[in-house]
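Novice: Mind having a look at this structure? Questions to follow.
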Amino acid sequence: MNWDLSQWCPLIDDRCFLSWLVKVPSEQEQLRARQISAQQINKVEELWKTNPDASLEDLEKPGVDDEPQPVVLKYEDAYQYQNVFAPLIKLEADYDKMMKESQSKDNVTVRWDIGLNKKRVAYFVFPKEDNELRLVPGDELRLRYPGDSSHPTWQSVGHVIKLTAQEEVALELRASQGVPTELNVGFSVDFVWKSTSFDRMQGAMKTFAVDETSVSGYIYHHLLGHEVEHQIIRNTLPRRFGAPGLPELNASQVLAVKSVLQKPVSLIQGPPGTGKTVTSAAIVYHMAKQGQGQVLVCAPSNVAVDQLAEKISSTGLKVVRLCAKSREAVSSPVEHLTLHYQVRHLDTSEKSELHKLQQLKDEQGELSSSDEKKYKALKRATEREILQSADVICCTCVGAGDPRLSNFRFRQVLIDESTQATEPECLIPLVLGVKQVVLVGDHCQLGPVIMCKKAARAGLAQSLFERLVILGVKPFRLQVQYRMHPCLSEFPSNCFYEGTLQNGVTVNERQSSGIDFPWPVPNRPMFFYVQMGQEEISASGTSYLNRTEAANVEKIVTTFLRSGVVPSQIGVITPYEGQRAYIVNYMARNGSLRQQLYKEIELIECCFL
């Protein structure tokens, strides 16, 4: 075997196998061959994920090629709505389950530690390029040892509590007894699929269909696409629309806040860098001050929820960040706002018994059955008390279906990043009694990520925000961007926002001094660098990479680093996971600077639509 990579050559050229590997059929043979469309190829490839032996003949079997009923713009009633979306959610759930349960890694080397709560933590490397799925904190994994002549088989499920830049995973195990800490090699790791998200979506649609009090009549008809008479909420508007602890609002932000406070259904479109988080925080502040009860704030991702919770908290409102129990061990930038933190640190004499039991549980790892029962009852009561005293509760859209919120009703709901959530996902917080809803997002940016192509084709990839826009609900657009150099904002402004995007930063504010980089136009830090490298199939067989492009990325990154740019200020975006993984490895192997510098650079795989 020749391990000199410089002498290797790809087996595929111009999307065809090399002729010495696979014989090129003659024209006569091609005429006799069965003609296959790209659509058929895509469908067979999709079948291969569940049945590696599938062939074109399998497409002709009853039900295999059936397409589900697509989503529509308008629905007769909530039952039709449920009948359309429920099968799509099931398709996505089944696909997600199949993908997760098929992912595993053998021959894993583990190092052991003990967490602050006395639970065992296993550390191991889980390379991203080996799997189509991305790990996130809170995911469940099964760690197992197959057993040998001197050690019995063993397995335990745990939650991911940390992911490092070096692709090391920290897994907190449920089991604290019988863990084979004397062993370090020969372990296997499996994904554990959880149906919670999909169950809550199905539950929300059922509630929407059968419970007339789940949403107001106006919002019910609005969600179904019915024509309804325009309503105005009669509220005393504040004299100023900013909020304490937040930056001063610009004119478009002020108009957005003023408009939202007077409407039962509002859409706010926030192009990149236009301050939608600040605007959302100001809206929530004024809603909370209206005295109509607690405000529920959601987003599809934990990162977005944390950012918004922090901004809202800076206004002086009492904010509680509700996390999934599986994420309570995950470090958070808003730890002090989380429900589990407040339960542990509530400083009252009445809670002394709970704290004593908590301390005992931390020291021993478990309690007696009677103490455990008492501990859970005290903890539930304390959680309820903290939640009831909050002005604002923040959680993910799926988190709004947490049993701890089942007896709460929220008249006012704001959903941030709503264009990145599926419609059934957005419905979870809405069916908790909403009478005023604000959807914040940008349908010109990336939409929801749908794994199942069949469900995506049927319309599950269309967000509620986008459907309402198509139906004629006009979003209020924020118009001043504070993020990009003006020359960078010009393109998205003209292509996506009809040239309406204004710049809140000047050229001088975005001109980095001391950086020696050969921009084609010195005062415009941008350029298109056309690569002539060949595209290849990645090691996983499900993605692509380009070696020439990766080499040039490393050169550009190294030039920036040499000029004094810190790694945290550099980001690399690529449309393929295979290329992302290859660039990471290439920079680590070939970068001329310290390896750690390259590891700190953020690389993102992002599909461009």
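Glycine is treated like the rest: Cβ placed from N, Cα and C.
Owing to the predicted nature of the structure, the values given are computational and were not obtained by experimental measurement.
So TrEMBL lists the following for this protein:
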DOMAIN    1-51  domain 'Upf1'
DOMAIN    257-389  domain 'Helicase ATP-binding'
Novice: Give me the DSSP three-state residue breakdown of the domain 'Upf1' (1-51), ordered helix, strand, coil.
Specialist: 20 helix, 4 strand, 27 coil
Novice: With helix taken as DSSP H, G or I, strand as E or B and everything else coil, how many residues of the domain 'Helicase ATP-binding' (257-389) land in each class?
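Specialist: Counting residues per DSSP class in the domain 'Helicase ATP-binding' (257-389), I get 79 helix, 14 strand, 40 coil.
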Novice: If you average pLDDT over the domain 'Upf1' (1-51), what do you get?
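Specialist: Result for the domain 'Upf1' (1-51): average pLDDT 78.
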